[in-house]
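**Q** What Swiss-Prot records for 7-129 is domain 'MsrB'. According to Swiss-Prot, the Zn(2+) binding site annotation covers Cys46, Cys49, Cys95, Cys98. Under the heading active site, nucleophile, Swiss-Prot lists Cys118.
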Amino acid sequence: MANQPSAEELKKKLSEMQFYVTQDRGTEPPFTGRLLHNKRDGVYHCLVCDMPLFHSHTKYDSGCGWPSFYQPVSEEAIRYIDDFSHGMQRVEIRCGNCDAHLGHVFPDGPQPTGERYCVNSASLAFSDEKNGDQLKG
């Protein structure tokens, strides 16, 4: 993993919800994330380290309440960890660069992958490919 800022530095940089999600493996309430309904063309990055994670053309409305994607930008973008918390068996997804918690991946997504990367808006930043505008979840 790349050098990650200290917890103190991150607490200054991130909102309380962003810190909770990315550093404490938290989950934002469904249907509340700023990037859930974003339909612009561009790239979704890790909020903590700016690593590109997902292209907008892989985003879709799964109805689950969090931004959903069917494929990351590269194999290196995402780290996968078996998660047995809360009495469930899931696969946690983290940033492949800084290890920030992003969400979980499920095998119920659309083709071509059949996967649903269910990602907290609070873990993402978005860069608009047309005008360079930045949005943070």
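Even glycines carry a Cβ here, placed using N, Cα and C.
In terms of burial and nearby residues, how do these features look in this structure?
**A** Mapped onto three states, the DSSP output places Cys98 (Zn(2+) binding site) in coil.
According to DSSP, Cys118 (active site, nucleophile) sits within a strand segment. The 10 Å shell around the Cβ of Cys118 (active site, nucleophile) contains 23 further Cβ atoms across the protein chains shown.
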**Q** Counting across all protein chains present, how many other Cβ atoms fall within 10 Å of the Cβ of Cys46 (Zn(2+) binding site)?
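**A** Taking every protein chain into account, the count is 23.
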